[in-house]
Amino acid sequence: MAQLLSFRVYLSAETQKASSESFKRTQSSRKPFKPGQRGPVNPVRKPQNLNLEVSPHRAVSAVRLMRIEFGGAFADLLNEKGKGSGSNEMSYVERTIGFRTRDLDDRDLRLVTDVVGGTIRWRRYLDHLIGSLCHNERTFRNMEPLLLQILRIGFYEIIKLDMPAYAVVDENVRLAKIALRPGAGDLVNGILRKLVTLKEKDALPLPKVEGDDRAQARALATLHSHPVWMVRRWVKYLGLDEATKLMTWNNTDPGFSLRANMGRDITRSELVERLNSLKVPHELSLHLEEFVRIKTGLQMVVQAGLLKEGICSVQDESAGLVVSVVEPQPGDRILDACAAPGGKTLFMASCLKRQGMIYAMDVNEGRLRILGETAKSHQVDGLITTIHSDLRVFAETKEVQYDKVLLDAPCSGLGVLSKRADLRWNRKLEDMEELTKLQDELLDSASKLVKPGGFLIYSTCSIDPEENQGRVEAFLLRHPEFSVDPVDRLVPSSFVTSQGFFLSNPVKHSLDGAFAARLVRAL
């Protein structure tokens, strides 16, 4: 389980800072499906014989989409051993629809990843088209979950993946007939054939961006598949053109960055040699000497054991630049106040040159345990001490101060929507107010643990001004003993705001969105 962190620290960990699991303050992801929400749930059937007629990637994708939407499952299919979790997925298929297909091969795993991620990302857009092509609105609103997922898959494959229409129709009709009933297959057949005809005529029933601001926001939200509240918020802060570019970025296939593990004296050149041997295309980071960018081939990296061996970690450069803002130095005592799952913790520890200590604090004991195990594989466990505590409680009860305190705060995750396709649907406008209150509380607590002359670094994986500079400005009004230490000497100038903060812009920098402010406490 330890190696799972190295893979998921990039895919989901940074955005999980905002989960209710951490501080019991924000709403959790969608609850498990209950009868009455949208159509009936199919009862769990007794296992049947192996069915070789149904497309494996479509069966797995349909069931996994249900689990993600109603049960909070992850979208990736790689486990800590670096192998596809196809057998696990097939067991879910069997329990849900009553039969197994043939086992997933590597191509199937890649298809599942593409189909699941894309279908989640484009859900609002797909649902608009499905609803438009149904006989009436009631048909769509009362559609049972599995049938809806099958249609979403078919629409996504035809429109976005441009797969051969005849094959998509045939395979999804077969899945609906066998997993549900013949009538469901007939419905899928009719709707998908309508879609194919309209696509060929370039006549998809899509909304026009016109009318007042609300009407335009609704149209943009459908066309770019984002919640309306996000669209309105981004248009307000960024303007229409930049908001549109951001949504376009969020809907592109994400790239990945690998960080060579300096804690094991692994250089980037050595990592590049391993990637060359695996024939994984890559390019060097323009901003950080330990990082390499890859667009494809992550599955090969995982399967080759590079993460398991501690050769590298999957970590976005934006997270690495936040560590640059912390500026870990040999001999430092640094508190990582919301550490789990620990990507920044591990990077900071590798910067200490075996001198100093990172104190990794989190409320989740299980995730801290995983962090400790991963630190061993990275050979930095002697530089990390875990603390199981809520920061607010710790600050009130302990008289201890640190050279630097990193508060990588729970946040909306609005900077990482290209990676976390599901996150856009799990956030609500009401979450923002609750998150900012939590961020203020944590900043106040973290400030008590900074020694005179020490540094408090506040960071998020959000691009929202209220979560970022808004929180820092409010904090400085409450705490005049702190002032801004500009980050221009620590990160490239293109990332430095006029206020001296770090901000990565997904559109401008082709990285995840992230923010960091470096504050110094007066002597």
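Numbering starts at 1 and runs along the chain as displayed.
The backbone N, Cα and C atoms fix where each Cβ goes, glycine too.
Annotated in TrEMBL:
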type     : residues                                                                       : note
ACT_SITE : Cys461                                                                         : active site, nucleophile
BINDING  : Cys338, Ala339, Ala340, Pro341, Gly342, Gly343, Lys344, Asp362, Asp390, Asp408 : S-adenosyl-L-methionine binding site
DOMAIN   : 246-522                                                                        : domain 'SAM-dependent MTase RsmB/NOP-type'
REGION   : 18-48                                                                          : region 'Disordered'
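Geometry remark: Gly342 (S-adenosyl-L-methionine binding site) versus Cys461 (active site, nucleophile), CA distance 14 Å. In the predicted structure, the domain 'SAM-dependent MTase RsmB/NOP-type' (246-522) carries a mean pLDDT of 96. Whole-number maximum of the Cα to Cα distances across the S-adenosyl-L-methionine-binding residues Cys338, Ala339, Ala340, Pro341, Gly342, Gly343, Lys344, Asp362, Asp390, Asp408: 19 angstrom.
Cα to Cα, Lys344 (S-adenosyl-L-methionine binding site) and Cys461 (active site, nucleophile) are separated by 12 Å.
Put simply, Cys461 (active site, nucleophile) is 14 Å from Ala340 (S-adenosyl-L-methionine binding site) when counted between their Cα atoms. In this structure, the C-alpha atom of Cys338 (S-adenosyl-L-methionine binding site) lies 13 angstrom from that of the residue listed as 'active site, nucleophile'.
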